[in-house]
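Colleague: For reference, TrEMBL lists these features for the protein:
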type	residues	note
DOMAIN	63-150	domain 'GHMP kinase N-terminal'
BINDING	91, 92, 93, 94, 95, 96, 97, 98, 99, 100, 101	ATP binding site
DOMAIN	221-277	domain 'GHMP kinase C-terminal'
Ligand code: HSE
C-alpha cells in the first residue's frame, strides 16, 4: 500500500497566464492537497473520502481518478487492477489546482504501484492531457508545480515541458477561497480569442520583468511586475467585489494581489508575517461567502508530490 500527497497550486500567479505556477504549503503545517492511497487488487475499485468528497461525481467513471487510471492503462497497454482511496481535501473549481492535485497524485501513485514504467516527462504529458480534457485546453501551470514543486515556468519545449525558477523564500502567499465554485472551463471560455498588440507587449514585458527580477533577487520589482492583462480584466466580474477587495488588500500592505488560477480564490503576497495575518483576518471576515470557505497563509512548497505513507 502506498499513500501519495499532491499539493495545491496557484497557476497563474498574477503574471504569466498559463506559463507560471507555484505549489503551496500552509505555514501551519496543514496538508493542503489531495491524497491517493493505492494497492494492487483483483479489480479496479475507487473509494472517495475527505472533506470535499461530497462534490465528486456519483458515477465513479466520471471521477478524474478513473480517467487517469484508464488513460494510464491505455498508455502502458495493460489493464492494472488497483484499489484506490481518493482523499479529496481541496474544493473543486476553487482556483487552487484541485483537479491537478487529483491527477498528479493518482498518476504518480499508479506509476509507483506498477514500478514506474513511465518517466517523469511522459507522466507530465499525461497529466496535461487529462487536465486539458477537464478544463477545455491543455495547460501545465497547475500539474507541473503540483508534481515537481516550487515555482514552475512552463516551457513546452520538445524536450522540457517545465522547469523550476527561483522564488522569494520570504514571500508569504495568503490564499482565500470564498466557498463558491467556478468552473475553469467556463472561466476560460469567457476570455477573448485575440488580444491587441499593446496587450501582447505589456504582457511580455511583465513576464520578462518578473523572470529577470526572480533571477536577480529584486523582490520589489518582481511584485510590481505581477500584472495581469489576459484574464483578470474579464474574470474579475466572476469574483465577489474583486477590484474593491484588491484595493483594500493592497492598502493593508500586500505587495501583490490577484486571482489564483481561474478563481474564485484570491491570493495576496506579503514579506511580513504581521501584515499577512492582518490580510488573512480581513479576508476571513470580508471575502468568505459561507462557512466552507477558508484562508491559509502559505509558503511555496518546494517538494511537490510526495509519498507520505
Ligand atoms: N492557467 C489556467 C487558467 C489555470 O487560468 O485558466 C486554471 O486553473
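Every residue, even glycine, has its Cβ placed from backbone N, Cα and C.
Please go over these features one by one and say how buried each is and what sits next to it.
Modeller: Taking the domain 'GHMP kinase N-terminal' (63-150) as a whole, pLDDT averages 96 in the prediction.
Around residue 97 (ATP binding site), the same-chain residues six or more apart in sequence whose CB sits under 8 Å from its CB are 8, 9, 10, 11, 21, 90, 142, 143, 145, 146, 261, listed in sequence order.
Per DSSP, the secondary structure of the domain 'GHMP kinase C-terminal' (221-277) breaks down as 26 helix, 9 strand, 22 coil.
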Colleague: Under DSSP, the domain 'GHMP kinase N-terminal' (63-150) has how many residues in helix, strand and coil?
Modeller: 51 helix, 6 strand, 31 coil
Colleague: Report, as a single number, how many Cβ atoms besides its own are within 10 Å of the Cβ of residue 95 (ATP binding site).
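Modeller: Result for residue 95 (ATP binding site): 30 other Cβ atoms within 10 Å.
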Colleague: Across all the protein chains here, work out how many other Cβ atoms are within 10 Å of the Cβ of residue 91 (ATP binding site).
Modeller: 21
